[in-house]
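Copied from Swiss-Prot, the annotated features are:
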| type | residues | note |
| --- | --- | --- |
| ACT_SITE | Asp963 | active site, proton acceptor |
| BINDING | Ile850, Gly851, Gln852, Gly853, Ala854, Ser855, Gly856, Gly857, Val858, Lys873 | ATP binding site |
| COMPBIAS | 51-60 | compositional bias 'Basic and acidic residues' |
| COMPBIAS | 99-125 | compositional bias 'Basic and acidic residues' |
| COMPBIAS | 197-210 | compositional bias 'Polar residues' |
| COMPBIAS | 233-248 | compositional bias 'Polar residues' |
| COMPBIAS | 251-261 | compositional bias 'Gly residues' |
| COMPBIAS | 287-309 | compositional bias 'Polar residues' |
| COMPBIAS | 358-370 | compositional bias 'Polar residues' |
| COMPBIAS | 543-568 | compositional bias 'Low complexity' |
| COMPBIAS | 600-614 | compositional bias 'Basic and acidic residues' |
| COMPBIAS | 635-644 | compositional bias 'Gly residues' |
| COMPBIAS | 651-668 | compositional bias 'Pro residues' |
| COMPBIAS | 694-703 | compositional bias 'Basic and acidic residues' |
| DOMAIN | 388-401 | domain 'CRIB' |
Amino acid sequence: MCFNLPLPHLPPYLPFITSSFFFFSFFPFSLTNTDAPIEFETTIIDPAEQTSHHVSESRPTHLSFSSSSESPRDQSREQSSRDVSASPVFPKRQQSLLRLDEHMAGGAGESRDEPHGEPSDDAHKSRASSTSSSSSFGQSWNQSSASQRASVSSMGGVDVAQKRPGPSSGGLTGASAASGMPPAPTSQAPAIPPITPQMQTGAFEQYTPQTAPPIPTQSQLGQDGRKRAATLDRQQQYVPSYGYSSPANGERGGPTGGTPGGTPMSPGGVAHVTSPGGGPSAASVHRSFSTTTPHAPTKNSRRIVSTSAAPMRKQIDDANAALGRAVDPSRDSQPMQSRDKRSKSISSRGGMKGVFSNLVSSMGTLSRKNTTVRRSESDTSAPSTPKISGPYDAKHVTHVGFNFDTGEFTGLPKPWQKLLSESGISKVEAEQHPQAVMDIMAFYTDQKDDGVWQKFGGANQAGSGATATTPYNAQNGFSPIASPGATTPTLGALNLGTPLSVDLDTEGDTSTSTGGGGGVGGGDYFAKPRSAPFPPAAGGGSASSSTATLGTGATASGGATTATPAIPSRDRTRESSLSSGTSNQGPPVTPLALSQSRQNLREEAPATPEEKPLAHFVASRKAPRPPSASPKKTGGAGASGDSGAGAAPPSAAPKSPPPRPPPAPPLGVPSVHAPNSEYRQKMITQLEAFNAKRQQERAERHAQKQKLAAAHAQAVQRQQRQQQQQQQQQQQQQSAQQGAMPSVMPQMQHGSMQQAQQSVSGGSSGLTPQQKQLIQQKQLLELQKATGGQVGGPVTSSTQQVLSNPAAAAAASQRKREQRLRKDQQVVARLNQICTPGDPTKLYRNLVKIGQGASGGVFTAYEVGSNLSVAIKQMNLEHQPKKELIINEILVMKDSKHKNIVNFIDSYLHGGDLWVVMEYMEGGSLTDVVTYNMMTESQIGAVCRETLLGLQHLHSKGVIHRDIKSDNVLLSMRGEIKLTDFGFCAQINESNLKRTTMVGTPYWMAPEVVSRKEYGSKVDIWSLGIMSIEMIEGEPPYLNESPLRALYLIATNGTPQLKEPDALSTIFKAFLAWALQVSADQRASASELLKHEFLLTADDVSTLAPLVKAARMAKIQEKNEKAQR
C-alpha cells in the first residue's frame, strides 16, 4: 500500500503536483516536507496465529516528548495501546512495547547517518546478510536474560512518557537499565529508517507523539549552516527511529536499530523483549523519537547504525558461531540491509523521489524569477521624471562662514581653497581658527585687486638691477654705494615680500609707500635688500633682477634670475663673515644640469668637428648624464658653462690634455669604461640627428608661414583693389547723376578705405590709437579665419564680441580713463600746493644713481652752495599707482622734525616727475648690520632706544608708522639711527582714535592688525619687538613660511617663541615679553618702554659704527665676487 503526502508550502502550481502524486503512487516511495505530516504504513503480524494486519497512521515530522508528567496526548496513546493489546493480535499482556525519547536513550554506541533518501546498495547487502543471524540471536537472548525479563515485567512495561532517567537507574531506562547496557549518546538525531519488509512482521501499537519544539535558525546550525539548511529542507529535523525484533522462525528478520549481527538494539539503547517461553512469540516494535538538535546529514541519514559495547559484540559473535556462521569482519562498518527484492524497490523509490524533488525545486526557482521579473518590469514601466535644465549664465554670490557643528567652512571660494593649500595652512589649522583664516583671505583678495603689494608696484621693472657703485675712497671715506638690489619675488600679481595694505578707511589712510627707504640710505630704496619666500606653490612666479638676495640660491636660465622658494637663515652668512673677517664669499650659485652635461661631454670626449653644432644644441636642451664610476667635479655654471663659484677662471690655468685611456682588463673581465664611451658616442649621434631634424622642421615651418603671409597679403590686396574699383564705379555713377556735387557718403567711404589702406601700408598717422587698434583686431580676425587658427590662434568669443560691439567697449574704457585723469589732476593740483616751485637740476649737482625702483630711481647729490650730501627720490607720476600716498608721506615728513626721523628737505615737480629731497644716511639699513654681524644685547638696546624715541615723537603727533622693521631703520657711518618710509603712516585724531586697515609687512604685523580689529599706536611696539628678535636671530619669526601662513601663525600663536631663550638675559626677556603682549591693552607704550631697565643699560650709538663699517665692507666684497663670476 502506498501513501500520498500533502505539501502545504508548495507554489501555486499545486494541481500539477497533485496529479504527479497519483502518477507516482504506483511506485513505493516516500516524500516529506518541512512541518508537513507524514503517513506511515506498518504491517503487524502475530507469529502464533500467522496472521497479519495492515495499519496506517499519519504523524507530524517534528516530534517531542514531555519530560515530566503525562500529557493528555500520552494518556490517549496509552489507551490506544491497551486497545491494541486486547485484540487477538496480542494474546499475552507481557508483550509490551518500550518507548523512549532519544534525548535520554543515548548509549555508548556510535551512530552513522545516510543522506535523506534510500540506503545504498552496500546498506541493502549488509541488511540482507544480518537477517538470518538476528533470529538465532533472539533465541540466545531469550535463554540468557530471564532476570532481565523479570525486571522488565516487574516494571509493568515502561511507557514512553517516562523519558528522563532517574537517579536509581543511573541514566538507563527500561530494558537498557536491566541489561546493564550503557545509554547511547544524545548528541546525534536519528533519521527516518526505510520502510522495509521487517516492518510487515512485527507487533504494532498506536502512538501519537507530542508537538515538536521550534525549528532552530540557520545561525544555530553551526559553521556549515547553509549546507545543513539546504539538506534539512528535504529532511525532517525531528525524525523517528525504529528498532524491530526478528521473528522466531528467522524467515523475516533484519532489525534496523541494532548491530549488523541482529542485536535488537534501538538507537536509544533499549533491547527488545521477547516472551519468557524461550522464543519470540510476537515481534515487538520499538520506535524512539529524537528531539535533539538536527545533525549534519551524512551518507546514511535515513538510518542509525549503533555500535554496542564489547560484551554485546561478544554475544553476537557467540550466537553466530553457534549457528555455524562466520563472523563478518566488516559488520561494524557495513549497514544492515533488507532483502534484495525489497532493496531494489527502495532504491527505485529513492531515485524517483530525487527526480521529483529536483522538479519541485526548479519550479520554485522559476516562480521566484518570474516574480522578480514582474517586479522589475513594474518598476521600469513607471513614467520617468522629466529632466529640468539648470540655470545658465548664473552668478553665485556666497558669504564665507564657518559651521561650528560640522567644523567646515561654508561658501569658501575655490581660489581661497587653493591659496590656503599652497600656503601650507592645513584643514585642521583652518578649522581651529576660522575667523583668522577668513580675515587673512579677505586681506589677500583685497591686495590682489588693488595691486599694491610693493610700494612702486604696477610699473615695468625692466632694468631694475642697474646700480652705480663708487669704490672706497681713503680721503672721503665711504662713498655712496647701493645695497643689494634684488627685487622681491612675485606670486602672480602679488609681491609678497613687500609691505601690504588694504585701504578701507579715509583717503589719507592708504597703505602704499613711495619707496623702500623713505630716508635714503646707502641702499636701494625701492627694491628691498631682502625678499620674502615663495609660497610652496607648483607654479610660482619669477623675479627679474640683476642681483640675487644674499643667502638665496639663484639659477640662470635664458637670462632670467629666479629666487628659490626657501630663504635660508642669515645666521650662516653672519657666522661666515665673523670667521673669515671681511673677505666674505657669496653663496654658491646653483649649477645647471644643462651646463653639467655639456661640460662632462667636453671632458670625456675628444674635440671633433661636430663639437660646435653639438654645443649649440646642448646649450638649449638638457642631455642625460652618462654613468661614471669616478665622481665628477660639479659647480655653478653660467651661460658659458664655466665652473662654479670659488673655482679659478678658465684663463687662469691651461686646459689639461685628455686623460690616457685606462689599461685593458684581463681576459674574461668586462671593461667598466667601454659602456661610457659607447654611450657617449651614441648620445652624440642621437643629439646630432635630433638637432638636424629640429632645424629642418623649423625651416619648414618658417617657409610655411611665409607662404601663408604672402597668400594673405595677396588676398588683402586683391580685396582692396576690388573695393576700390567698386567705389570708383559708384562715384562715377553718382557724379553722373548728381552732376558735379559728389555725395557725402561715398566720400566718407572713400576716405575710410584710404585710411584702411594707409593703415595697412603703414601710413596711418591720421588715425587715433583706438581706431588703429580696432583695425588691427579686424585684420587679425580675418587672418585667423583665413588660416584656420594657425596664425594668431583660434578665434575667441571675446574677440568677436569686441569687434561686433566696439562702441560699448570703447565707451567703457573711455569712462575709466576719464576717471583716472580726473583723479590724477586732483593729485597734481595738491602736489603743486605742497611742492616748491623751481628747477631742482639747478639746485643740486653731481647726481649719481644708486638705486632703481618700479617708478623711478634714487640718486645722491650735493646741494649747490652748502655742499651737503642729500638723497633724491625721482618718481614718474604716470607710473605711480597710488599717487595720493605720496602726498601722505610728504606731509608726515614735513611735520616730523626729529633727530631719529629722516628729515625731509624739499620736494619739486619737474617735467612730470616728482623730486623728493631727503637726508642721506650713508650707513644703509639695519638689515645689512643684522645680516653681516652678530649684535650684543647692549647694541640691540641702543637700536631699540633710538627707535622708540622716534616712535614717541610720531605718536605724540597722532601718527602711526605701521611698518617698523629693519629695512626702514637707517644708520649713518657714526651709528646714528633714524626712521624712514612713511608711506604707511596713518593719522589718528580725536574723531578717529582707532584704525582697522590691514597694512604693513606680514612678518612684522601685530595680531590685531592681522585679525582686522581696531588698533592704535601700540602696533608699532609689537613691530619693534619683532625687530628685536630679528636682531637676535638674524631674521623675524616665520620668515621661512609663506606670507599667508605667517599671517595665520601670527593670528593663532600670538607671541612667537625664541629659538634659544636661555641665551638671553632675564631683563631682555622681560622687555620682549612686555613689547610682544598679544593684548594691546597689556602691551606697553613707547613712553613706558623707554623707562624699562633694559634700555637704561643700553650702549651708546657710537658702538654701532664698527658694525656699519663691517657690513659695508662685506657688501663691497660680495659685489666684487659677483662681478668676477
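Using N, Cα and C of the backbone, Cβ positions are placed for all residues, glycine too.
Cα of Gln852 (ATP binding site) to Cα of Asp963 (active site, proton acceptor): a distance of 21 Å. Each of the binding-site residues Ile850, Val858 was scored by other CB atoms within 10 A of its CB, and the lowest score goes to Ile850.
In the three-state DSSP assignment, the secondary structure recorded for the residue listed as 'active site, proton acceptor' is coil.
For the compositional bias 'Basic and acidic residues' (694-703), residue counts in helix, strand and coil come to 10 helix, 0 strand, 0 coil, using DSSP.
Distance noted between the C-alpha atoms of Asp963 (active site, proton acceptor) and Val858 (ATP binding site) is 21 Å. Every protein chain shown contributes to the tally, and the Cβ of Gln852 (ATP binding site) ends up with 25 other Cβ atoms within 10 Å.
Take the CB of Gly856 (ATP binding site) and look out to 10 A: across all protein chains shown you find 26 other CB atoms.
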